[in-house]
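The compositional bias 'Polar residues' feature in TrEMBL is assigned to 263-274. The annotation domain 'Yeast cell wall synthesis Kre9/Knh1-like N-terminal' is assigned in TrEMBL to 44-140. Residues or ranges marked as domain 'Yeast cell wall synthesis Kre9/Knh1 C-terminal' by TrEMBL: 174-274. Taken from TrEMBL, the feature region 'Disordered' applies to 248-274. The signal peptide feature in TrEMBL is assigned to 1-21.
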Amino acid sequence: MRIVSRIILLSLSLLFSIVSADVGILGPVQGTLFQPDDSGIVTIPIEWIDNGGYPPLDKFTYYTFTLETGPNNAIQPVNTLAKKITSDQLTSRMDNLGNTIYSYTVQFSKNVYGNGQFYIQIYAVVEGEGNTIHYTPRFYLQDMGGMRSATYTDTVEPAAQTAIQQGQTMGTINSDWFTIPYPEQTGISRFAPMQTPPGTKVTKTDWTLRFSTSAVTYYKSMRPSLDQITTLTPSRTDSVTSAVNFASPAGHPSDNGGWYNPKQRQTLSVRKVN
């Protein structure tokens, strides 16, 4: 399973590859405030979506969740919240669009740290292939009992780090998918045709739209899931050739068309002041 986020790197024919995975976490939402309950326990649910890419859910051996704080270039681990959580320990539900939302809830004592801004590292292992490391958006803890507080704040979580070495192909793409008109596609990954190379001359005299414009939907609140993650296009099959101009240059710039008489551009006459 690839937990969603910003980029899907799809390779189809490599027998051994390093894959950059992206985890786009649905929860906790950036800036959310969490407080301990009456028994001093903090509860944070973590949610993400399976985009259907590689690796699939059954590939992950386990997950480890760690509470962290600090700047993106100097991450400070605070407490390991859950170790080696297997896929069968996750919970799942369907959203109103039919997407599967996966989640795991971590709990910890209010005494692990003081108040401040934090994020959770999700370390996921694929046995024999590597691991992925992703981070939730930053959130706040309040009414904590620890002696040390987290004073650093930011609006962006650390970047994902992924090292998956595959010993098999990542999948196949049916070439017919690229022939389906783009506006008619509804999948989470969509397929666009190869860009048409420009012609050698312009014959049109008026501008016209080649394809109809796409619809735009504006949301007033955060969506719990995504309608589309990426657009894939086939590799170009044509090639562009070029050659060096082998003509010998003339001896003087004026012979090459690179010189002009500056007087041709003067609008005022030069005169002596005194």
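Residue numbers in this text run from 1 along the chain shown.
Cβ coordinates come from backbone N, Cα and C, glycine included.
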Across the domain 'Yeast cell wall synthesis Kre9/Knh1 C-terminal' (174-274), DSSP labelling yields 16 helix, 6 strand, 79 coil
Tally of residues which DSSP labels helix, strand or coil - the domain 'Yeast cell wall synthesis Kre9/Knh1-like N-terminal' (44-140) = 9 helix, 60 strand, 28 coil
